[in-house]
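> Summarising the annotation, Swiss-Prot assigns active site, proton donor to 33. Residues annotated as ATP binding site in Swiss-Prot: 26-33, 144-147, 173, 181-184. Taken from Swiss-Prot, the feature (R)-pantoate binding site covers 57, 150. Annotation source Swiss-Prot lists beta-alanine binding site at 57, citing sequence analysis.
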């Protein structure tokens, strides 16, 4: 595996490749990330991964400076997955001058849910993903369903900007107790780690209620938030939305069996966790 930090060197290395599969990451890789590499290999060759902790998507009170950086361990894991190139640019490589041009998602998709609680986050994501795709020029790119809203925004962005990249969705990888794998799980204390699976259990109960015929979605969302709050969580949102556009479904759409997803974000201690389940 070649480890490259220069954009020009990356382009030189990939010149002539027309089936490249790309997996962008921020590093601190776990089994969830590695599953993305394996899925990428099913859809293209060679597989290119990137590791870049993107300052643009962190808010002023978020964890950019303490976000775990484990490059040497990550390199070993990617080598074991037979990744062809790891693109690991420095901040100077990616942003040699202030990044004044940004890619802004529409408010109806980028300003809700995560966008409401993390203003500027999706503009940072869209900007860096567009720039990375310009560097790699892949045929396909793999994103995880764990970041459901991000997946939808990136897919829509590629459609709207006519980027010739197919976005592949990867299923969420979970620990045995159901907790979705995340680089931020390492922030949890032992007691918090024991409690953390309650988030997905809460979403499972919401899903079961909807599938069982409950149509008062607002009541379900409120009860789920209250349940987590009683257990010491600080929920930002629990929302049942249409999979197609993350808009709340109408009564007619519910009766017609509209595909739904329930999404959640909540703090447990100092750690903010997100998760979702399709319904």
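Any Cβ shown, glycine's included, is placed from N, Cα and C.
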> Measure from the CA atom of residue 183 (ATP binding site) to the CA atom of residue 57 ((R)-pantoate binding site) and give the result in Å, rounded to a whole number.
16
> Including all protein chains displayed, how many Cβ atoms other than that of residue 29 (ATP binding site) lie within 10 Å of its Cβ?
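Its Cβ shell of radius 10 Å holds 23 other Cβ atoms.
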> Per DSSP, residue 173 (ATP binding site) is which: helix, strand or coil?
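DSSP assigns residue 173 (ATP binding site) to coil.
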> These are the binding-site residues: 150, 183. Which one scores highest on other Cβ atoms within 10 Å?
150
> As a test of the contact definition, list every same-chain residue at least 6 positions from residue 32 (ATP binding site) whose Cβ is closer than 8 Å to its Cβ.
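When sequence neighbours closer than 6 are ignored, residue 32 (ATP binding site) has 144, 146, 172, 173, 180, 181, 182 within Cβ distance under 8 Å.
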> In whole Å, how far is residue 33 (active site, proton donor) from residue 145 (ATP binding site) when you measure between their Cα atoms?
12
> Near the Cβ of residue 145 (ATP binding site), how many other Cβ atoms are there if near means within 10 Å?
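Around residue 145 (ATP binding site), other Cβ atoms within 10 Å: 18.
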> Validating a neighbour-count step here. Other CB atoms within 10 A of the CB of residue 173 (ATP binding site): how many?
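Result for residue 173 (ATP binding site): 18 neighbouring Cβ atoms inside 10 Å.
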> Within its own chain, what residues at least 6 apart in sequence put their Cβ under 8 Å from the Cβ of residue 26 (ATP binding site), listed in sequence order?
51, 52, 53, 54, 67, 183
> For a quick check of packing: other C-beta atoms within 10 Å of the C-beta of residue 33 (active site, proton donor), how many?
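Looking across every protein chain shown, the total is 25.
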> Within 10 angstroms of the C-beta of residue 57 ((R)-pantoate binding site), what count of other C-beta atoms is obtained when all protein chains are considered?
21
